[in-house]
Amino acid sequence: MNALAATNRNFKLASRLLGLDSKLEQCLLIPFREIKVECTIPKDDGSLATFIGFRVQHDNARGPMKGGIRYHPEVDPDEVNALAQLMTWKTAVANIPYGGAKGGIGCSPSDLSISELERLTRVFTQKIHDLIGVHTDVPAPDMGTNPQTMAWILDEYSKFHGYSPAVVTGKPIDLGGSLGRDAATGRGVLFAAEALLRDHGKSIAGQRFVVQGFGNVGSWAAQLITEQGGKIVAVSDITGAIKNKNGIDIASLLKHVKENRGVKGFHGADSIDPNSILVEDCDVLIPAALGGVINRDNAKDIKAKYIVEAANHPTDPEADEILAKKGVVILPDIYANSGGVTVSYFEWVQNIQGFMWDEERVNTELKAYMNRGFKDVKDMCKTHNCDLRMGAFTLGVNRVARATTLRGWEA
Ligand SMILES: NC(=O)c1ccc[n+]([C@@H]2O[C@H](COP(=O)([O-])OP(=O)(O)OC[C@H]3O[C@@H](n4cnc5c(N)ncnc54)[C@H](O)[C@@H]3O)[C@@H](O)[C@H]2O)c1
């Protein structure tokens, strides 16, 4: 099942539990606006190249739309649509005053020079500057984009609208980025895992974790879990997979990855088949790489007791059913990885206030948001007698439905 079909299915299940009427359901499901633009730039050799950029703005009932911009050769409109919708439910679960959006440009960033990437980002911004804004739609980095990309968008947007640091988040600190944003999603994953384990009478210390993906989210989560006494027994990335049942020394692995651009060849662990990473023996599995990796082919072999979804939509609905029967508890993406967008919200607040917080305040506020989020999700599980995924979906969908209804329907 593709990402959009899976997201729509979860939305409809939640809508049924909430008893929403069909007109409201339609209104919540269909995106507010879908933008598709042609971006032509001169390449460094003087030839012209054309790329297609787009932005799906899903919903703004609770506040400005919020979501990443990705640069990837296979930017798939259906997936971006699903991710925009997931952002709407995620910001509502986190209880931050935003809606949801997502966008991207179909390009291979590694095949473009820095100046070509800058020109492409500026042309894309010129095409959409009237449709984004501090109180309209606030982009952020995603796959293939980074704080530098946000700096170019900020600069180009400001040519049309004046100095507007809050128009994007995930900026470099020198341009108004927030302290703690880099680690925020991984730190949020730690707080989410802590809340889940606490609910089951356990703590991070002494639990064995497997992490798929050792990029921004996976490496921060692994580092912070280790600091709390958790044991990371296996890790994988695009270059390979490694395992050490006594626990991997994450500080040494980080050094190795910096020098070798991947986990492959790390001496402090044994190399294993990357296809086996998700079915390795552990207490907590953290998928932090791609969508759709847990599916009907591998779900029955998963040995973890808990899955904390750091990646977006890593679990297929069919796998959800198989894992539920096995008693595996899944902490869903729209709660578990919401630490990133929550600190993006703190960045936006700091920019609007013109007052920068210290990192301790950012981390303390993030912990409070993640703990409140877990309690709110659990309350919905009790009300609707459902699992954590439906608890999170009913929580998010209900908050957006209430805001939409309160705004009223009169034209
Ligand atoms: N960065 C954020 O703030 C944030 C927020 C919410 C959700 N997410 C989601 O978390 C996931 C990871 O994001 P990120 O920012 O860490 O990305 P990243 O690009 O920094 O890291 C991705 C990691 O996944 C690895 N990977 C890629 N293909 C793989 C494969 N086939 N097998 C194993 N590993 C593979 C890469 O080698 C890399 O280590 C994505 O699903 C993203 O949408 C990220």
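Each residue, glycine too, has its Cβ placed from N, Cα and C.
Counting every protein chain shown, the Cβ of Lys102 (active site, proton donor) has 31 other Cβ atoms within 10 Å. For Lys102, the entry in TrEMBL reads active site, proton donor.
Following the DSSP three-state reduction, the secondary structure of Ser344 (substrate binding site) is helix. Listed in sequence order, Lys66, Val138, Ala140, Thr169, Gly170, Ser178, Arg181, Ala184 are the same-chain residues at least 6 apart in sequence whose CB falls under 8 Å from the CB of Ser344 (substrate binding site). TrEMBL lists Lys66, Lys90, Ser344 with the feature substrate binding site.
Long-range Cβ neighbours of Thr185 (NAD(+) binding site) (same chain, at least 6 residues apart, Cβ-Cβ under 8 Å): Asn216, Val217, Trp220, Ala310, Asn337, Gly339, Gly340. The NAD(+) binding site annotation in TrEMBL covers Thr185, Asn216.
Positions annotated as site 'Important for catalysis' by TrEMBL: Asp142. Note on Asp142 (site 'Important for catalysis'): other Cβ atoms within 10 Å of its Cβ, all shown chains, come to 22.
Checked against ligand 1, the recorded positions Lys66, Lys90, Lys102, Thr185, Asn216 give Thr185, Asn216 as the ones with a Cβ under 6 Å from it, listed in sequence order. Counting every protein chain shown, the Cβ of Lys66 (substrate binding site) has 29 other Cβ atoms within 10 Å. A 10 Å cutoff on Cβ-Cβ distances gives Asn216 (NAD(+) binding site) a total of 17 other Cβ atoms nearby, all chains included. In this structure the alpha carbons, written CA, of Asp142 (site 'Important for catalysis') and Lys90 (substrate binding site) are 15 Å apart.
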